[in-house]
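Please read the structure below before turning to the comments.
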Amino acid sequence: KGKCPEDGWDESTIELFLHELAIMDSNNFLGNCGVGEREGRVASGLVARRHYRLIHGIGRSGDISAVQPKAAGSSLLNKLTNSVVLDILKLAGVRTVTNCFVVPMATGMSLTLCFLTLRHKRPKAKYIIWPRIDQKSCFKSMITAGFEPVVIENVLEGDELRTDIAAVEAKIKALGAENILCVHSTTSCFAPRVPDRLEELAVICANYNIPHIVNNAYGVQSSKCMHLIQQGARVGRIDAFVQSLDKNFMVPVGGAIIAGFSESFIQEISKMYPGRASASPSLDVLITLLSLGTSGYKQLLKERKEMFSYLSSELKKLADNHNERLLDTPHNPISLAMSLKSLDENSDVAVTQLGSMLFTRQVSGARVVPCGAVQTVNNYTFKGFMSHANDYPCAYLNAASAIGIKKQDVDVFLKRLDKCLKASRKESKKEKGVNEISHSGAGTEQLED
């Protein structure tokens, strides 16, 4: 039926299935005589086994979704993977999605492919409206495609950074709708930024007849992010949404899913990809979903949500103990932020040192964001880089509850963060004391002179 099985298969069943697909490829035929330049020859047995002898990749030179006659097994693998992934996207909350395909590129390059496809539909357009999110790859995706990002600064509402809808509409009017390639919005993001107001943006895009591409990098694991996409498509316009394979399905980095509500437009994007493509990302996600089944994936989504609540409550307690606070970001369903005001006041470098201390103690993924960092990306200078705003009121630390996280991860993180905060505070006090002594000494010398 082309759907993800409800109950996961065991490993031997999956391997048998993959071997059956592999023997449909011509490079595995007994007595095959290959005289072309690409015949699925592999020098290393280890490499062949790693890929289950599915060597031909997917697609043909003109279309990544096309069937390759001498690689019937690999082609079937590709079709099945796209069908199973579509089933999972519907299960995760975007019920009306009509088409999707796995592309062997991470999220940034997959967004670039979407923008390049739109170029042919809107030849006059040179701008992309982009509500600011401080993540380099989504910014570079627009530059690489040859367009000029128009950065819309976020508005601060309480602790949250939210989409400035009025500024988006004003910029569309100022530039002219025909000169705008698309609006490039974001769902999953680091707190205190929260998902864009997709419904309002989708309505604006429909009213001005402007395409809308959504960066849904790690949003499949969040029912809230997927609901926003579903609602945006219902009330307005969303042309495509792009999500990472590794972040949502716990497979190696290197693949993404491009999905949408117009079957023909998603096919156009797949045809824009030049040449054949690696089957590895498709193979990885198919094996994973067959082993989990829909029940296994739903269980992972449920556990992630429970761990988010646990991380939130425990991080709030820790923040209170250190005279800090958990920033109030109820619209962000994956990422949390804790203020670091006391460190920021004591020393300019104390905040960044905390990040180093956590990393050396094997805490990965926690981001420490100081105030006022400046970063230039492709000749565009961002003030307050990493904080999604020019002047966010305080330094802070990020932590996320992503799919696959366990209670042990949360407990160990909190324990190590507690120790690091105590050590940082001691170090900051020492530095402050030394500075005060040196300043008072310098003052005496000046008086004596």
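Glycine residues also receive a Cβ, built from the backbone N, Cα and C atoms like all the rest.
As annotated by TrEMBL, pyridoxal 5'-phosphate binding site applies to Arg38. Residues or ranges marked as substrate binding site by TrEMBL: Arg60, Ser61, Gln68, Arg276. Sequence annotations record features per position, and here TrEMBL assigns tRNA binding site to Arg234, Arg361, Lys426. Positions annotated as compositional bias 'Basic and acidic residues' by TrEMBL: 425-434. What TrEMBL records for Lys247 is N6-(pyridoxal phosphate)lysine. As annotated by TrEMBL, region 'Disordered' applies to 425-449.
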Gln68 (substrate binding site) versus binding-site residues Arg38, Arg234, Arg361, Lys426 - nearest by Cα: Arg38
Span of Arg60, Ser61, Gln68, Arg276 around substrate - largest C-alpha separation, Å: 10
Number of other Cβ atoms within 10 Å of the Cβ of Arg60 (substrate binding site) across all protein chains: 16
Alpha-carbon spacing, the residue listed as 'N6-(pyridoxal phosphate)lysine' to Arg234 (tRNA binding site), which is rounded to whole Å: 26
When distances run from the Cα of Arg276 (substrate binding site) to each of the binding-site residues Arg38, Arg234, Arg361, Lys426, the nearest one: Arg38
Cβ packing number for Arg361 (tRNA binding site), 10 Å threshold: 14
Candidate with sparsest Cβ neighbourhood (10 Å radius) among Arg38, Arg276, the listed binding-site residues: Arg38
Same chain, 6+ residues apart, C-beta under 8 Å of the C-beta of Arg234 (tRNA binding site), given in sequence order: Thr96
Candidate binding-site residues Arg38, Arg361, Lys426, pick with smallest Cα gap to Ser61 (substrate binding site): Arg38
Densest Cβ neighbourhood among Lys247, Lys426 (recorded positions), 10 Å radius: Lys247
Beyond the site residues Arg60, Ser61, Gln68, Arg276: chain residues whose C-beta lies within 8 Å of the centroid, for substrate: Gly57, Ile58, Gly59, Gly62, Asp63, Ala66, Gly275
Binding-site residues compared (Ser61, Gln68) - highest count of Cβ atoms within 10 Å: Gln68
